[in-house]
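Student: Here's the feature list from TrEMBL:
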type	residues	note
DOMAIN	B:84-298	domain 'ABC transmembrane type-1'
TRANSMEM	B:25-44	transmembrane segment
TRANSMEM	B:83-109	transmembrane segment
TRANSMEM	B:121-141	transmembrane segment
TRANSMEM	B:170-194	transmembrane segment
TRANSMEM	B:215-240	transmembrane segment
TRANSMEM	B:279-299	transmembrane segment
Amino acid sequence: MRNGRLWPVHLVLAVGAAAMVVPFFWEVLTSLKTFTESTRVPPTWIPSFEWSNFTRVLDSTPFVQQFGNTVVMTVVRTLAQLLFCSLAAYAFARLRFPGRNVIFVLLLSVLMVPDQLFLIPQYQIIKGLDLLNTLPGLFLPGMFSAFGTFMLRQFFMGLPDEIEEAARLDGANPLRIFWSVMLPLARPGLLAFGVLTVLWSWKDLMWPLVVNTDPEKMTLSAGLAALHGEHVTEYPVLMAGSLMATLPIIVVFVVLQRQLIQGIAFTGSK
Amino acid sequence: MERAAVEGAAARPATRTRLRDREWFWGYLMIAPLTLGLGVFYLWPVLQSVYYSFTEWTLFGDSSWVGLDNYATLLRDPEVGKALWNTFLVAAFGLLVIPVSIAVAALLNTRGLRLVSFYRTLYFLPVVTMPAAVALIWRWLYNGEYGLINYLLSLVGVTGRSWISDPSTALYAVMVVFVWTYLGYFTVIFMAGLQGIPGHLYEAAAIDGAGRFRQFFRITLPLLTPTVFFSGVLMVMYGLQMFDLLYLMFGKNSPAWADNKTIVLLFYNKAFEEGAKGYGAAIAVVLMAITLAITAVQFRLQRRWVHYA
């Protein structure tokens, strides 16, 4: 009965949702068309399932390597950020040491600076280390995050002291308490932050574009840019490529949707 | 149990300094990796970029001190003025995402509504899609001859144009996509904000006879202002630094490229395509100054309109 009165709400939401989904529908549809079908007006609604668009992506770019590079970059960045940020976040939240607040604010000031300010010097460092066009070059600067430290510190501050106090009286050192008491408690926060990091890392474009110019060493996002340069008007191939590059992260999102939403909601509420 | 506690208390004064020393040690140890990493890759680079902005680079990577030359060039460079204007347009237009996502969040928050998580998933799809892919998809949708948008427009008798390669519409076309990609993100943030508003306020208002709209403007919106403020700061930063969408939607051969660069695109173009790292660094420093100035103004103005409950 109640839902009967809600139809205007559904109508508005459905129109909005269509605006969100139709571009993806068009992407999938085009990726299955032949080139001539893609240039037909009015559009062909039933494509002839031209799967060769997908194989052409594999042929014209080292897609598999790029996929691997993106996975490695994402995994290393995420694990490193989880480790380094949670270690520091715990210390900033729970331990007392001289200069704690000054250091914390200094590190946090990084958040106010546009990424472009880091880019040239980071590039020089990676170049100096002879790591251009390598995997470590891709993930090295992204292993550290001021944002993650801030977010996890908030999380640790919200956890109760009692358990920690008990462990402390038992004589456990802070690192031990962190590892075996606090980390398990912080699991929801870590997971939410981890999923956010995976997403951002997967989407990153500017750094990979700058640091790895060899197609074999590129990430998928930079690879898409290269694919675009090669098949400027062959939209069926371009759509197949963009679909292949995006699908893995959409699967991750569907599986870990709750954590991702929580992570974003948490950043919003601070 | 009780005895242990008493013993612990008695033992404390003697070991207090030792314990505190140890706490210092562990504190520094635990922040060391992060501090080192952020120091080397983020804090030091800021200083270095500022230094670079006073230098000129040759193609071989040698640099020499040129004082304020880069900034002087920058002031006279018509490309910079144009890019700054475009950047402000993008940042300002991007703020449209806030009212739209508040509306979507409010609708999704309707009591008794079903399919909420279904809708949320659909609105969220663009957020998880790589901007490089988003850019290609929308390039195709906007295509002048075969694009879906122009086809749909033709159904209602409107003749479209080549939205992206036409310099007069290119930037706006990208801004629409910019809002489209962030809508789901801010919807989630506002939904969390809405759920934080205590229900009894609405019940009280309903008893006082306030209708849905009155409740929204008198209760919901004021209590949402901290979230609006936070989202505004965030979205302006994203707008000022937008790169991926523009980079892939324009492409260098597009007639729209010359006039529609934003400041970050210009930075990338100078520093990494033309190898003018000194000039690029100067552009980045200007971008930082602008970002800080705008953020400072936002924080200053918030006192006038943000309600912290």
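Glycine too: its Cβ is placed from the backbone N, Cα and C atoms.
A quick note: this is a predicted structure, and the numbers were derived from the prediction, not measured.
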Student: Counting CB pairs under 8 Å, which listed stretch among B:25-44, B:83-109, B:170-194, B:215-240, B:279-299 touches the transmembrane segment (B:121-141) the most?
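Tutor: That would be B:170-194.
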Student: Which listed range (B:25-44, B:83-109, B:170-194, B:279-299) shows the maximal number of Cβ pairs under 8 Å with respect to the transmembrane segment (B:215-240)?
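Tutor: The listed stretch sharing the most Cβ pairs with the transmembrane segment (B:215-240) is B:83-109.
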Student: Take the transmembrane segment (B:279-299) and find every residue of the same chain, 6 or more past its ends, with a Cβ under 8 Å from one of its Cβ atoms.
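Tutor: Residues packing against the transmembrane segment (B:279-299) from afar: 49-50, 52-53, 55-56, 70-71, 73-74, 80, 84, 91, 229, 232-233, 236-237, 240-241, 263-264, 266-268, 270-272.
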